[in-house]
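Notes for the one structure printed next.
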Amino acid sequence: MRRAARASAPGKVIIVGEHFVVRGSLAIVAAIGRRLRVTVRSGGKGIVLESSMLGRHSAPLPGQGAAAKVSPVLEPYIAVLRSLAARGYSVVPHTILVESGIPPRAGLGSSAASMVAYALSYSAMHGDPLSAEDLYSVAMEGEKIAHGKPSGVDVTIAVRGGVLAYRRGENPVDIRPGLTGVTLLVADTGVERRTRDVVEHVLSIADALGEASTYIYRAADLIAREALHAIEKGDAERLGLIMNAAQGLLSSLGASSLEIETLVYRMRSAGALGAKLTGAGWGGCVIGLFKEGEVERGLESVVESSSQAFTASIAEEGARLEEF
């Protein structure tokens, strides 16, 4: 066994399909060029997590010190560790160092990227890096603790990278984007929320609507398929219209907020072809599709209403091992 290993995974934006993907609709998701890195070092006592964003947390190894209270921040990592142990990896004391270029709790997949990078680095430390299929399965155990009923789309894109068409229970399909001359603007509302709370709220509204909600879900699935075709054909104008329609559907099920709508309309007023929330909603981030020559105006438009904003490129590479 090596003394240490390091791995990274990309963040993501959901172009269309968040929430609806939980119940079988299509989602289009893209990895972005911001990554989260995890370094695992053996030694010490128990498990220690060190992160500039999440702080420092420690806990006994699974099966030791069962009476000790474990920080909720560490619980997903422990779930991943248990899954690794079930696959034959030895459980040893170690430190987890997290370095992230992905804002946490912002809908950009930081949690999934962390679970993926941790699972890959821990398995690599043992000299046997997980396959992509096993990496997905192990990381999902952590996401279940973090989010309750994750669709799996965040973990899939963190493992694979690129742009994917994702439907729960089916193999993801790689999309070859034909878009040129456009870029995504990402603006963070600065409002943190628990994904699990928003997912449960949206599902409760859908259930309360009964049969009417089936039409909303059908519409979401249809526009996701239209988005796929627009991306492949390079039809940015149509993709923007689809993003706007997707925002309306998400709002109808209670996923939006005043902070989100403010950023959406500021982007649209600044020339965005389309703008919508990405991720769970209730806060987190908004994405806008801009022509390259107009994105600076978009950035200026959201300065006062966001905690941070940046342009995002598509990351073709998913999870990877890294040298020290």
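Here, residue 1 is simply the first one shown, and the rest follow in order.
Every residue gets a Cβ built from N, Cα and C, even glycine.
Now, the feature entries from Swiss-Prot:
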ACT_SITE  Asp154  active site, proton acceptor
BINDING   Pro103, Pro104, Arg105, Ala106, Gly107, Leu108, Gly109, Ser110, Ser111, Ala112, Ala113  ATP binding site
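What Swiss-Prot annotates, mapped onto the structure for a quick look.
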| residue | record | DSSP class |
| --- | --- | --- |
| Pro103 | ATP binding site | coil |
| Gly109 | ATP binding site | coil |
| Asp154 | active site, proton acceptor | helix |
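Geometry remark: Gly107 (ATP binding site) versus Asp154 (active site, proton acceptor), CA distance 10 Å. Take the binding-site residues Pro103, Gly107, Gly109: by the count of other Cβ atoms within 10 Å of each Cβ, the lowest one is Pro103.
Among the binding-site residues Pro103, Arg105, Gly109, Ala113, the residue whose Cα lies closest in space to that of Asp154 (active site, proton acceptor) is Gly109. Taking a C-beta cut-off of under 8 Å and a sequence gap of six or more, Arg105 (ATP binding site) has these contacts in its own chain: Glu192, Arg193, Arg194, Thr195, Gly283, Gly284. If you take the C-beta of Ser111 (ATP binding site) and look for same-chain residues 6 or more apart in sequence within under 8 angstroms, you find Pro76, Pro104, Gly142, Glu143, Ala146, His147, Asp154, Thr195.
In the structure as shown, the Cβ atom of Ala113 (ATP binding site) sits within 10 Å of 33 other Cβ atoms. Taking the Cβ of Asp154 (active site, proton acceptor) as centre and 10 Å as the limit, one finds 32 other Cβ atoms among all the protein chains shown. Take the mean position of the Cβ atoms of Pro103, Pro104, Arg105, Ala106, Gly107, Leu108, Gly109, Ser110, Ser111, Ala112, Ala113, the recorded ATP site; other residues of that chain with a Cβ within 8 Å of it are Gly11, Ile102, Gly279.
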